[in-house]
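Have a look at the structure below, then the notes.
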Amino acid sequence: MSQLNSSSSEMDLDRPNIEEYLPPDSIKESNEKLRLRDLLDVSPALTEAAGAIIDDSFTRCFKSNPPERWNWNIYLFPLWCFGVVIRYGILFPLRVMVLIIGWIIFLSSFFSVQFLLKGHDKWKKKIERYLVELMCSFFVASWTGVVKYHGPRPSMRPKQVFVANHTSMIDFIILEQMTPFAVIMQKHPGWVGLLQSTVLESVGCIWFNRSEAKDREIVARKLREHVQGVDNNPVLIFPEGTCVNNHYTVMFKKGAFELGCTVCPIAIKYNKIFVDAFWNSRKQSFTKHLLRLMTSWAVVCDVWYLEPQNQRPGETSIEFAERVREIISVRAGLKMVPWDGYLKYSRPGPKHTERKQQIFAESVLKRLEEK
Amino acid sequence: MGSTYSMLTQYDIEEVQEYCNNLFSQQEIVSLYERFCQLDRNSKGFISSDEILSVPEFAMNPLSHRLLKMVDGLNFKDFVAFLSAFSSKANIRQKIELIFKVYDLDGNGKVTFSDVLEVLRDLTGSFMSEEQREEVLSHLLKEAGYAKTSSLLLDDFIKILDYPCLRMEVEIPVD
């Protein structure tokens, strides 16, 4: 992910005006006659640039904040060492075994169902759903997940989509063990991708590829078709489009909000007491991330199923998306930032630079008139 | 892993502080180091253009290309030295020196008419024509008593830009 290419202007249309969130431009509003120093004084632009170099709200969203070290003195350190021995020596092998048993049960049942129930689609689907839920429970057990679910369980009704904030791919597993969702996910390489193409297709998951521009239309169409179907699993979308560190939320993409369906928000908040569940995809692969979870004491989190929301008359999809984002952020105690998550992979479009250029040029020309 | 970084020793901090003429406090230098390590993703010891451009607020700045040339490849000491002009303790001369360096990218101590035009082009983009830019600049230079063909030196910049409204300060967030 070291190649950053400049984004298409499409991305800029997706979101509300960033200028409303950024600190006001320090371009001096003045009606005085233009002097040489006004032209040469680039200090406002420099100050903004330096401010961005020193701290910026976008990078903060993807920073893994390590927990406070507690093993720093003479009796705590041996305790911690003892804990490490237990975690790596006892818990980890136990968990690996649980996972292997789970995989064996799952794969054998899943593929036998594929063959045996070839004609009986309805039964096949039911059993497959149950098996996927079971496998997810095995996964959650393999990191000793302590998950508290709040609120009414999702119901299987047509014309509804579920949206949740995104911290790691395990979000999907945690939610899936309760309800068989059809999730929209980025197609991954490796063993994850293999799983995606075989198993998860059966629950109706839809794949997309971030780097392909045309992909959006195809995915939007597939989504619309899926939502209309009565017997399909409810759709789960992570509108942020990327993993965020569970302290902030980035802007929601409006795709999920313009399907004409009820949107049911889900808020997920991880407790970092034993491990930080944020998957920093720039720093580690998913396998390493899973291993880290499996060698920690437990993964603790809260899941809130919130009140379903409908688009209000006169509300645009973007406003709707922001309203739902606020509901989720407030419930999970996350701060909202006005950035598009995809800026992780590409640079901002020229629109914002042009806006600043326009403001400066117009002020110069206006003051030139003043004699 | 996240933001684990090798700790700065007291000696390191003092060395950096001296290098930036004591314009930052020791706490600010520690914060800046944390930030530097965050930007320097593969811990090379210096920051590259790609890493700085991954900050969208910076990439959106009209002067980002010019500044990139000044910041690309900086190690931590030089990074702090670069930012020291933005400290509240920096005097106006130090700030104007940085502004001069932005114009005088080739470092020959002279800022020509075309150098200023280049910066103006970055700042106004397509919202002013090249003729308009040249006209405004020539007019203002003449008014201030400079010929179009003469180059501006640092002392000229100080004379032109030294006025009380010049604000160029950034606060370093300290935990």
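Glycine residues also receive a Cβ, built from the backbone N, Cα and C atoms like all the rest.
As given in TrEMBL:
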COMPBIAS  A:1-10  compositional bias 'Polar residues'
REGION    A:1-24  region 'Disordered'
TRANSMEM  A:72-90  transmembrane segment
TRANSMEM  A:96-117  transmembrane segment
TRANSMEM  A:129-149  transmembrane segment
DOMAIN    A:160-271  domain 'Phospholipid/glycerol acyltransferase'
Give the mean pLDDT for the domain 'Phospholipid/glycerol acyltransferase' (A:160-271) on the 0 to 100 scale.
85
Should anything in the same chain at least six residues away from the transmembrane segment (A:72-90) have a Cβ under 8 Å from its Cβ atoms, list it; otherwise answer none.
295-297
Secondary structure composition of the domain 'Phospholipid/glycerol acyltransferase' (A:160-271) [DSSP: H/G/I, E/B, coil]:
38 helix, 30 strand, 44 coil
Is the transmembrane segment (A:129-149) packed against any residues at least 6 beyond its ends, judged by a Cβ distance under 8 Å, and which are they?
91, 95-96, 98-99, 101-103, 105-106, 109-110, 113, 170, 173-174, 176-180, 199-200, 202-203, 233, 290, 293-294, 296-303, 305
